[in-house]
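Notes follow the structure.
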Amino acid sequence: MSQPATDVSRQLPVGPPLPHQQQQQAGGPKNRNRSRTDAQFNPDCSQLAVGNESGLVEIFNWSAMRLRVRALFSRKIVNALAWHPGYAAECRGWLAIGTNSPTVFVMDTGVGSDTASCVDVSEPMITLKGHRDRITSLCWSPHTPHHLLSGSFDGTAQVWDVRTGDHLANFAGHAGKVYTVLWSASDPDVCLSGSEDHCLLVWRISQLDRKSPPTSGRQYRPPLPHGVLARTADEAALDADVDDASTGHEAAAAATAATLNTSVEDLELDDLLRLVEQKKRELTVKGQPPPAAAPTQFVRRPSATEKEPAASASAVPADNEDLADAAGPATLADVALRRGVGADPSR
């Protein structure tokens with residue numbers, strides 16, 4: 001009789017929690033260490049790398065099912081793991097790691113190979129910076145030992161020299177987030193990338209003029225094809241507004257990180273939500289509920305042929321912006337009282 005499909009013959013051992021996970025178990029947010037997000041064998045299938053939602057990467061000896069190495073370089077979910085093919089002796093055991101952080105990490109998994117106990121690693125061998133958003137895919141060159149290809153939510157694919165950290169080339173021909181990248185096994189100059197724009201593009205590194213991802217915080221937009229009308233002035237102004245907004249978002253993220261005494265890369269959604277709730281409490285008048293939103297009042301605007309009546313002191317503005325302009329600077333409580341929300345009946 002065949003075994004049920006849910007039966008497993010092996011289960012990965014669970015190591016002791018890291019220090020920050022012990023604090024979480026003591027009363028903080030739930031421990032997300034055991035949510036597996038990626039798994040990759042090394043070229044000879046002797047080692048298995050496992051990525052976790054917490055950002056932890058675990059290296060197992062496959063034959064003995066023994067946990068050898070635990071690496072934590074980011075608290076972001078692990079999206080991609082890529083072992084070096086190992087055709088160059090100096091690069092054997094290298095593992096590239098991509099997370100929701102825009103940084104690519106490269107570690108040497110050979111650490112602790114001569115010890116029987118598990119080794120914890122907190123610093124990567126190499127750090128590659130340049131992308132503007134999370135890393136989704138990684139691929140080592142099958143031709144040049146130190147070259148690595150990465151894809152990102154910033155809409156580009158990046159070619160790196162891992163030895164120096166240099167940006168060799170950047171492909172920005174997609175109109176959406178890049179989900180997967182691949183290096184041609186037959187041509188060292190050819191790479192492939194797939195995106196949410198429904199396209200799988202094949203491109204040559206030697207034909208790229210750009211070496212680094214765009215510095216703008218917004219997703220890159222490729223040049224318009226021939227025959228398509230150029231953007232209007234309003235669209236160009238909107239692009240400038242988006243750039244300004246992205247810059248403001250980065251400043252807000254940095255301020256939030258400083259408030260929480262952490263780094264921008266380590267910010268979690270729970271932290272942001274907790275900070276928002278804290279700010280709401282600070283803005284709420286002590287002992288009183290926050291003012292309820294009054295219904296929007298629509299005021300008919302006179303047409304071009306009609307004469308607009310002179311504004312009176314008792315005129316009710318049409319929206320919050322008009323109210324602020326008419327009454328000058330005011331607190332939320334003042335606005336609520338002027339609208340009649342929570343007003344004292346005896347007054």
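Cβ coordinates come from backbone N, Cα and C, glycine included.
TrEMBL labels come from automatic prediction, so no person has curated them.
Look at TrEMBL and you will find 1-44 (among others) tagged as region 'Disordered'.
The feature region 'Disordered' is assigned by TrEMBL to 281-327 (among others).
Counting residues of the repeat 'WD' (128-170) by DSSP class, helix then strand then coil, yields 0 helix, 23 strand, 20 coil. If you look up TrEMBL, you'll see 128-170 (among others) marked as repeat 'WD'.
Among the features that TrEMBL reports, repeat 'WD' is placed at 171-206 (among others). Summarised as a single figure, the pLDDT of the repeat 'WD' (171-206) averages 95.
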